[in-house]
Amino acid sequence: MAAAEPKPPAGMSAARRLARGCWSAFWDYETPKVIVVKNRRLGVVYRAVQLLILLYFVWYVFIVQKSYQDSETGPESSVITKVKGITSSEHKVWDVEEYVKPPEGGSVFSIITRIEVTPFQTLGTCAESMRVNNATCDSDEDCVAGQLDMLGNGLRTGRCVPYYHGSSKTCEVYGWCPVEDGASVSQFLGKMAPNFTILIKNSIHYPKFQFSKGNIENRKDGYLKHCTFHEVSDLYCPIFKLGYIVEQAGENFTQLAHAGGVIGVIINWDCDLDLSASNCNPKYSFRRLDPKHVPASSGYNFRFAKYYKVNGSTTRTLIKAYGIRIDVIVHGQAGKFSLIPTIINLATALTSIGVGSFLCDWILLTFMNKNKVYSHKKFDKMVDAPKRGAGPGLGASEPSQQDCALTDARGLAQL
């Protein structure tokens, strides 16, 4: 009688089955299960969601936002300005050298439209301005000698003296006298200011795309000597009248010239470099930058002085200038076709279309009357039971065909 062959250990048998399963899974192809649900309303929702997603990516992402392009924002820019014109006040004629500050012609400059002049100031003693806190007094005891008020006009001497006009008294100070409020004279320069012309020469460069352009037309016929800016006919003649700039900003010129203000000239270079360079044009806009509705911070003024000698002593004329400050601001964005953003956005679009399936699955599993039927067909549940008759030490074996059964056999026709 032949000897019985020894059975391999249970652990080795399980390891072999696992190895065969892994090797088979490596070569097998897996694909999702497709279930067709005969429901017209659900089908309309599914196609509508897909259509909306498709329209969003085609119209907004690719056409409006041009997401197929590589882009660069904030071009390198240079601005050169030049103001021309003369005006007059009650006492004199003013030219560019006097009413434009600073004179270098940068992107920020001021045009003086009104001044308050305090002439013939010399170092000495005089009454303090009544606008200074605690400057009014009744006697010398109210004034502290040697006191220096940071918002005042000089060093207090300790004397109480009559004010420049009226019966009031203020503390005496040592400084530039007379003080500004006591002897200033106002002069308006804005009579001819709306006709001042401002040349704004701007050039930009996008280093990523090696693209450069300027806002002046390249002509040799003296074009700039007789043109002024027009959005349609003279786009490349950047010569603006000051009155036109203030009008486009929506401001009243007389009020602005009297109190001062800040006007922004915004030059926008949005360029589609897939097109020719002639399609990359500057767009100008104008708006007021200082908060005119806030009395504490509206308006614009500054002070400067002119010094000279009179009889060997230093004398100055103090000028408080009100004016229109022009800030030239340049920004823009350039874009050009690039394969990488195109592939990324196409992949995002194709992935997003699957949102329709997710939404419809959620509707089926949540709100439909036969949601349990769909759930059973959508998800196959398999039970892995141990083989009948297996010994206690053998463990679970591969499931038979009878053990691998769907928990529900109803058809989708019930949907």
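Placement of Cβ uses the backbone N, Cα and C atoms for every residue, glycine included.
Because TrEMBL annotations are produced automatically, they should be read as predictions rather than curated entries.
When TrEMBL is consulted, the disulfide partner of C171, picked from C143, C177, turns out to be C143.
According to TrEMBL, the cysteine that forms a disulfide bond with C280, out of C237, C271, is C271. The disulfide bond recorded by TrEMBL for C137 reaches one of C160, C177; that cysteine is C160. Only one of C177, C237 is recorded by TrEMBL as the disulfide partner of C227: C237. A Cβ distance under 8 Å defines the sequence-distant neighbours of the transmembrane segment (346-368), meaning residues of its chain 6+ beyond its ends; these are 37, 39, 42, 45-47, 49-50, 53-54, 57, 61, 374-375, 378, 415.
Counting only the Cα atoms, the space from T197 (ATP binding site) to C227 (disulfide bond) is about 11 angstrom. Shown in sequence order, C137, R156, T157, G158, R159, C160, C171, E172 are the residues of the chain, 6+ apart in sequence, with a C-beta less than 8 angstroms from the C-beta of C143 (disulfide bond). Ranking the recorded positions C126, C177, N195, C271, C280 by the distance of their Cα atoms from the Cα of K320 (ATP binding site) places C177 first.
Long-range Cβ neighbours of K84 (ATP binding site) (same chain, at least 6 residues apart, Cβ-Cβ under 8 Å): V96, F196, T197, L199.
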